[in-house]
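Q: For reference, the structure I am asking about is given below.
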Amino acid sequence: MFKNNFLESLTKVHYSVPLIFWIPVIGYFIYKAYAKGEMSVGDIALYYFAGLAFWTLAEYVLHRWIFHYEPTSNWGKRIHFIFHGVHHDYPKDRLRLVMPLSASIPLAAIIYFIFSLFLPEFILASFFAGFLLGYLIYDECHYAMHHANFKSGLFKKIKDHHMLHHYSDPEHGFGVSSAIWDVIFNSGFKKKKKSTSLPPYQRRSPRKSSAKGG
C-alpha cells in the first residue's frame, strides 16, 4: 500500500499481537474497577458484559456506515482503501486481518475519552474492559473466519455469514463476530433454498473492488 517500507510495515501485523498487547490492558482495567472498591463484583461483571455487548453494536456501525462509506474524492478513496478496501481486495492476506497497534491504540484512546464524557468514573473501567474484550474477540474471530476450517457449529455459521459478505453480497452481512445486528437492522442475507454445492468462498476468488470494504 505504501512505497515507504516503514509505513508499509505499520499496516501489517500477526494475529497474536493484539492478544499479547490487549489482554494485559483488559486485566488492568478490570483490576482498576475492583481496586476502587466502589462496586461489588456482581456490578463490575454487569458493566463488563454491558461493554462487551456494546462492542457488537459498535462493530456493526463501524463496518456498515464507516468502512462501507464510499467517498468521492481521490484522497477519500485512498484512505478508504487503506482502512478497509484492501481487505476486500485481498481477504486472505494473513498480515492484514487484525488491526495493527498503530491504529488500534489511538482509536482506543479516543473511544476511552468519549466514554469518559458519558460514564461515571466508577463504571468506566469495567465497561471499557468489556468493550476491549469485544474488540479482541472480533479481531481474532475475523482472522479465524478467513483461515480456520470450521466443519460445523456456531463458528461455521459465523464464517459462512462473513464469507457471503466478501464473495457474494458486500451490501449485506456487516456483523463479523455476531450477526445479531444484521437481524435487528434487516441487513442480513435473504434465505435461499439449501444447495449441495460448495459455499461461494470455496468456489471462486473475490471480485476486485477497492471502493468496497469487509
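Any Cβ shown, glycine's included, is placed from N, Cα and C.
When I checked TrEMBL for this same protein, it listed these features:
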type	residues	note
TRANSMEM	15-34	transmembrane segment
TRANSMEM	46-67	transmembrane segment
DOMAIN	50-186	domain 'Fatty acid hydroxylase'
TRANSMEM	97-115	transmembrane segment
TRANSMEM	122-138	transmembrane segment
REGION	191-214	region 'Disordered'
COMPBIAS	204-214	compositional bias 'Basic residues'
Q: Count up the helix, strand and coil residues in the domain 'Fatty acid hydroxylase' (50-186) according to DSSP, in that order.
A: 101 helix, 0 strand, 36 coil
Q: Select the range from 15-34, 97-115, 122-138 that forms the most Cβ-Cβ pairs under 8 Å with the transmembrane segment (46-67).
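A: Per the Cβ count, the answer is 122-138.
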Q: What residues in the same chain, six or more past the boundaries of the transmembrane segment (97-115), come closer than 8 Å to it by Cβ-Cβ distance?
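A: Answer is 10-15, 17-18, 21-22, 83, 87, 124, 127-128, 131-132, 135, 139-140, 142-143, 146-147.
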